[in-house]
Amino acid sequence: MEICPFVRLLDWRTLRAADCLTARQSREVDRFAIEELGISSLVLMENAARSVCDWISQYDQASSGGETSFVVRIVCGRGNNGGDGFAIARLLWTMGYAVEIFATHPEAEFSPDARANAALARKLGIPWRELQEFGEAAASAQAKDWIVDAILGTGQSRPLSGVLAELVQGMNASASRRLAVDLPTGFSADAGPVSGNRLIDQPHELAGLCVRADVTITFVTPKMGMLHPGAREYLGETFVASIGLPEKLLREAVSLQ
Ligand SMILES: NC(=O)C1=CN([C@@H]2O[C@H](COP(=O)(O)OP(=O)(O)OC[C@H]3O[C@@H](n4cnc5c(N)ncnc54)[C@H](O)[C@@H]3O)[C@@H](O)[C@H]2O)[C@H](O)CC1
Ligand SMILES: [K+]
């Protein structure tokens with residue numbers, strides 16, 4: 001369903017490598033926007049988060065007439081993907097949604113922008129639950145609830161293990177709907193779904209553990225790993241969201257045409 005001006009449905013039939021960014025190119029887009037255009041990284045994060053919230057609210061309006069008796073559980077990692085998650089939590093909370101935040105790391109370990117958005121969420125009193133409670137919350141969640149996966153995005157560089165692996169298993173076992181921010185956790189921007197127990201050394205390696213999203217909202221352009229033949233199983237319905245800058249300009253900045 002194409003419902004927001006800044007969020008477009010990905011057309012799988014026409015998707016080509018030339019349309020996609022690698023993780024390195026995504027970082028270059030960030031750098032170009034911040035250093036060459038002078039837009040602040042917090043504004044980019046806000047724009048990314050707003051695209052996701054616009055999509056949720058408009059999807060909700062179109063599919064259930066704006067019925068909001070569901071809970072949005074947002075799991076935030078320590079990098080900028082997590083920062084997007086904290087901003088999404090604030091925007092949805094501001095719109096009147098029932099929101100719960102779960103953070104994978106203590107705040108001292110967050111990236112600067114994640115820390116800024118986490119601090120704001122704390123100051124506003126947005127419900128923030130202990131990470132250990134996530135498994136139970138996910139297991140008892142209803143089908144109309146959402147889990148927002150903001151654990152890892154383009155920064156993911158290795159297969160999942162430990163607590164993050166347990167979180168992803170809990171998400172995948174839940175009856176709740178799952179929305180991945182930028183990429184599902186466990187899905188490499190370059191290689192697609194990541195091999196369960198090995199480093200990502202081969203592109204397009206079919207995997208092990210990865211969030212199985214119902215919806216993925218990726219930023220700026222699709223990512224190279226989305227060309228993997230098994231990718232759609234993990235990405236679900238996939239949308240490409242603007243971060244508030246012309247896509248053509250950003251593509252030129254990383255020499256894509
Ligand atoms: N250019 C854009 O489109 C914008 C992107 N935004 C969002 O930012 C993330 C990328 O953020 P980054 O901080 O670079 O990376 P991550 O948040 O994905 O994770 C970094 C963090 O995680 C560690 N790590 C990597 N792999 C693993 C692993 N398997 N297990 C545990 N930890 C891992 C890594 O070492 C780092 O510490 C992008 O996806 C967007 O969501 C902006 O907000 C808007 C502009
Ligand atoms: K994610």
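Along the chain as shown, residues are numbered 1 onward.
For all residues, glycine too, the Cβ spot is worked out from N, Cα and C.
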**Study point:** According to TrEMBL, which candidate in ASP54, ASP60, ASP182 joins ASN80, ASN81, GLY82, GLY83, ASP84, GLY153, THR154, GLY155, GLN156, SER157, ARG158, PRO159 at the (6S)-NADPHX site
**Key:** ASP182
Check your understanding: Of THR14, THR22, THR185, THR216, which one shares the K(+) site with ASN81, ASP149 in TrEMBL?
Key -> THR185
Check your understanding: Given the binding-site residues ASN81, ASP149, THR185, which one's Cα is the least distant from that of ARG158 ((6S)-NADPHX binding site)?
Key -> THR185
Review point. Can you list which of the binding-site residues ASP84, ASP149, ARG158, THR185 have their Cβ under 6 Å from some atom of ligand 1?
Key: ASP84, ARG158
Check your understanding: Which residues does ASN80 ((6S)-NADPHX binding site) neighbour through Cβ under 8 Å, counting only same-chain ones at least six apart?
Key -> SER41, MET45, SER111, ASP113, ALA114, GLY153, GLY155
Check your understanding: Can you tell me the mean pLDDT for the domain 'YjeF N-terminal' (26-251)?
Key -> 90
